[in-house]
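Data block below; observations after.
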């Protein structure tokens, strides 16, 4: 039997190439537009403030970029809330052990960086073990995919309830909250929700970072707890999807092998029997 692995590899590479082409088509022109607009704004700024030259402006832009990389929002003033109060630190710890890593905040001291390494070294396996146990607890109240396939009916209803409830709790309702608290559109909130729970974590949208808004102290801590349970649910959904895809590919490939084998058998039956050569062992 021919292995179906090469088909999976080709499909995986094709999916990456397709994604690269689509993202390039959708985003490259917008990036060029924003880059030209930014350069135009810098020229207007220099024309309005003739006491500055281009070199001074570029140095100031560099300062702004360094501040952003250190987790300091250039907007607002020195009264902005700290990024390292307990609530924000709790949220950051959650992004470390869950490997989300938004990238908008990171330790700036050597001691903090070294601690982060060892904290992640032990925290990531602990998080995986915790999510594994949480997934088992969910599985204890659900039928597995094999039973759903073999015994349709009630199992399908239970799986549908599980998927619908999880979708509402982790993908549909949270964007409404984020839209209200953060001022995002629902689409932006949904985008943040999925990018976070899938541990992609680009960092372009992060909760509790707008200096113009006043957040309750436990806002980011509650968000971190929501992330943990959402990770367990979405990971289970991904596992089901991966299992379905793997079974589908194996079934298709196996049917193809059977068809080829059947064709070869028919061909041999049509041909006259040839003398056989016996090779002694």
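Using the three backbone atoms N, Cα and C, a Cβ is placed for every residue, glycine included.
Record note: among 48-68, 111-131, 132-152, 111-131 is the stretch given as transmembrane segment by TrEMBL. In TrEMBL, the annotation transmembrane segment applies to 86-105, one of the ranges 86-105, 246-265.
Secondary structure by DSSP for the domain 'Potassium channel' (168-246): 55 helix, 0 strand, 24 coil. Between the transmembrane segment (86-105) and the stretches 6-26, 111-131, 157-177, 189-207, the greatest number of Cβ pairs separated by less than 8 Å involves 189-207. DSSP assignment over the domain 'Potassium channel' (79-138) gives 41 helix, 0 strand, 19 coil. Packing against the transmembrane segment (157-177) from elsewhere in the chain are residues 138, 142-143, 148, 184, 186, 188-190, 192-194, 197, 226, 229-230, 233-234, 237: each is 6 or more residues past its ends and has a CB under 8 Å from a CB in it. Away from its own ends, the transmembrane segment (111-131) comes close to residues 93, 96-99, 228, 231-232, 235 of its chain (Cβ-Cβ under 8 Å, at least six residues beyond either end).
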